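Some features that Swiss-Prot has for this protein:
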- 166-173, 191-195, 213-216, 280-283, 304-306: GTP binding site (BINDING)
- 173, 193: Mg(2+) binding site (BINDING)
- 1-159: domain 'Obg' (DOMAIN)
- 160-323: domain 'OBG-type G' (DOMAIN)
């Protein structure tokens, strides 16, 4: 399935039905009073988060959602039926904005979370409501109100516990394939990963966490270079970051510093998240390879996904950070 993480749609709630102008006409009651019924309410439009969905692909093919119109009122005080509501399913992690103003309308985080995004118009009142002592036969009724109409911009930010960050060919996809059942494309050339991948990592029989692999970022990513910049938002919700540098890097410390700098340029709050430094591809490292200290207070773990070296220690440390994290994954600005 193609991965799509942004979309723009229009939604229109149903208009209310108009009230009825009618008068009671029965045998022996040739001049009965007004009995026009009310119009039905227009259908509402709702958004509902669904954990079974993982992409905004559907919105690339369907751009407009319109709820049902309320039925018009009828005689004999009969009200029209309400219009049919429309419920739009979105993946968990979808941020919804008003396309015109940029205002964040909702952040769909929890499975089953539902919000009314466009309210249906009220039905108009029938002429039965307008009879008075001096106006006993009103020949008018209310029209129905218009339903809300709005353009929406939707942006998906994946819900994961751990975000993998590294240059192309840092070994991110290999790690997630070893840790989980995810099967990303793996090859020995840059930008093998073209879309984010999610993997569920089993820690023991009853514990697990979600890991997100995004396309590799390069120096200048925050200014739009490479592929990773368009997917960096998918690590904004993570509880911890795994900053990965391969053992065969020409300058491990410089590469690590560049990665942190690109993260800070994109969103400075990313550096406030707990993180681990990981030296990958230890199976090809020379025997005298010395594990560097990359940053004060940040633990460095050396691994080989191919040989299985250091993976248990890495998994243990990730679980420790995740289980003790107080990271708030949804911010007020929807960033």
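Even glycines carry a Cβ here, placed using N, Cα and C.
Annotation note: residue 173 (Mg(2+) binding site) sits in a helical segment as assigned by DSSP.
Residue 173 (Mg(2+) binding site) is 10 Å away from residue 166 (GTP binding site) when you measure Cα to Cα. Across the binding-site residues listed here (169, 173, 304), the residue whose Cβ sits among the most other Cβ atoms within 10 Å is 173.
Within 10 Å of the Cα of residue 173 (Mg(2+) binding site), the following binding-site residues from the list 215, 281, 304 place their own Cα: 215.
Sequence-distant contacts of residue 281 (GTP binding site), defined by Cβ-Cβ distance under 8 angstroms and a gap of at least six in the same chain, are 171, 246, 247, 248, 304, 306. Counted within 10 Å of its Cβ, the other Cβ atoms near residue 172 (GTP binding site) come to 30, all protein chains included.
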